[in-house]
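Here's what Swiss-Prot has on this protein:
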ACT_SITE  H515  active site
ACT_SITE  E517  active site
BINDING   S14, D147, I148, E149, K187, T188, K189, P190, T191, Q192, K223  CTP binding site
BINDING   S14, K187, T188, K189, P190, T191, Q192, K223  UTP binding site
BINDING   S15, L16, G17, K18, G19, I20, D72, K239, D240, V241  ATP binding site
BINDING   G352, L380, G381, M382, Q383, E403, R470  L-glutamine binding site
DOMAIN    291-542  domain 'Glutamine amidotransferase type-1'
REGION    1-266  region 'Amidoligase domain'
Amino acid sequence: MATNYIFVTGGVVSSLGKGIAAASLASILEARGLNVTIMKLDPYINVDPGTMSPTQHGEVFVTQDGAETDLDLGHYERFIRSKMSKANNFTSGKIYSEVLRKERRGDYLGATIQVIPHITNEIKARVIEGGKGRDVVIVEVGGTVGDIESLPFLEALRQLAVDVGREKTLFMHLTLVPYIPTAGEVKTKPTQHSVKELLSIGIQPDVLICRSDRTIPANERKKIALFCNVPERAVISLKDVDSIYRIPELLKSQALDSFVCDRFRLECPEADLSEWEQVLYRQANPTGEVTIGMVGKYVELPDAYKSVNEALKHAGLTSRLSVNIKYIDSQDIETKGTELLDGLDAILVPGGFGYRGVEGKIRTAQYARENNIPYLGICLGMQIALIEYARNVAGLTEANSSEFDPACSQPVIGLITEWQDESGNVETRTDKSDLGGTMRLGAQQCHLIEGTKAREIYGAEAIVERHRHRYEVNNVLLPTIEAAGLKVSGVSADRKLVEIIEVPNHPWFIAAQFHPEFTSTPRDGHPLFAGFVAAAKAYQDSRKA
């Protein structure tokens, strides 16, 4: 079967939820037996989000093959079974870098390099490559129609629709239909102007997803259909809902999936959304509530920890618990003390980079360890837990990470300077290397030690988890820390790197170098987060007893 393409754009304002809408449609089509993937095209000039500020851009989502991508790819993986890869996300910066590399290499035979055709051809080639072997590929274009940055992407998709045939392409446009309280009605004019903007660059939308805080009345949908030149059945009302996992059913109830299948002439069974119904039932009927403190350095923007937030909620679904997340700035722990941690059922310290707020995180780990509060450390959250244990239990009072103190006399965490790639080539990396090139990225195998809590939680000897870090546990000082009681419960495939640590004489104190949040989904959850939330409930019950 030839690949069919759905191009998703947004208009009027940003943050309408293009990624959620695209992922929700993909989940319905997947439930109909189709092989679906989703791509995100980001117009910004950065090569990838890897070095962008989490407080501006949100989290960096890491794929199985080690790509540092937009957080929307996390949404995609949480909604569909198909896994994302490097091919599923690219930016203007990546496109321009590749075109300039080809120009320097002489691939264009001295031609004058222009946006059309060279940039647009590169975009089209990547979209086609990313969709190979799929029944449907949904392509989301970041930003808002009318932005200067997105014009080459929209032009490339317009051309691609001509190249592959309009019968194999569908343009889906999200717009805002605001409700004006003083008028007592929704207004369609912003949608009409947004479609006019699209038409000016040669794109006629086939489907309009109309975002509003309420269901859009039938007469207003007819008006939108008339003035925007789309079938009435292709004007979809997408109101605000209490859970993003309700959106697949909302789209299916308006037969969007049927419209898509009819358009592409796809013969496939009706979608079975019973798994999503179960998710919504568990979400709506919790048997209790736990409060988990997330102590981080980017807490002013919760999207900086998007996958962690979602993984905690997924674990709540598994345990039939409502998870209340209390965000605490680790710098506040340094200035106001650990009193900010009082009353929590569990504590989580997520990943991060740089020295700011680190001592607050170390004090947080100490507080959790000494007060028998369930603790989950992720990436940096593991490293600071190790530093805390080394200082306060193992007697290594000068323990630190060379990331925070390069002259540290007891660097229990250090930079690995020699890395071996899949081909066996050794690459030297130092603190002077480009930031994007010094990471241990993507899925790595981890072996779990018999008799540990980690082995019990996972129920397996070997697991695969995703990494994003450049510093590791220093094996030279590790024996001293282990002799003081800390247990290494997970190691890398070659048994050389520490992946998981735990405190044996603590009810639940586990920290991992990898990022388990990237593989958690609402339908399946993740064993580490499920165990953590269950431990939070047990701790809560013990305090009430």
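Note: Cβ is positioned from N, Cα and C throughout, glycine not excepted.
Here the features listed in Swiss-Prot are painted onto the structure.
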residue	record	contacts (Cβ under 8 Å, 6+ apart)
G17	ATP binding site	L174, R211, L238, I244
G19	ATP binding site	K40, D72, H75, Y76, E140
K187	CTP binding site	V177, P178, Y179, I180
T188	UTP binding site	V177, E220, K223, I224, F227
G352	L-glutamine binding site	G296, K297, Y298, C379, L380
G381	L-glutamine binding site	L348, V349, P350, G351, K361, A365, A511
M382	L-glutamine binding site	I500, I501, A511, A512, Q513
Q383	L-glutamine binding site	G377, S401, I413, Y471, V473, Q513
E403	L-glutamine binding site	F353, G354, Y355, I413, L415, Y471
Which listed residue (I148, L380) has most other Cβ within 10 Å, given these are binding-site residues: L380
C-beta crowding around K223 (CTP binding site), within 10 angstroms: 17
Cβ packing number for T191 (CTP binding site), 10 Å threshold: 28
For S14 (CTP binding site), nearby residues of its own chain (Cβ under 8 Å, 6 or more apart in sequence): G143, T144
Binding-site residues compared (K189, R470) - highest count of Cβ atoms within 10 Å: R470
Rounded Cα-Cα span from R470 (L-glutamine binding site) to E517 (active site), Å: 18
H515 (active site) CB neighbourhood, other CB atoms within 10 A: 24
Binding-site residues compared (S15, Q192) - the one with the fewest other Cβ atoms within 10 Å: S15
Other CB atoms within 10 A, centred on D72 (ATP binding site): 25
Chain-mates of G352, L380, G381, M382, Q383, E403, R470 with C-beta within 8 Å of site centroid, L-glutamine: G351, F353, C379, I384, S401, I413, H469, Y471
Largest tally of Cβ atoms lying within 10 Å of a Cβ, found at which of the recorded positions D240, E517: E517
Cβ packing number for P190 (UTP binding site), 10 Å threshold: 15
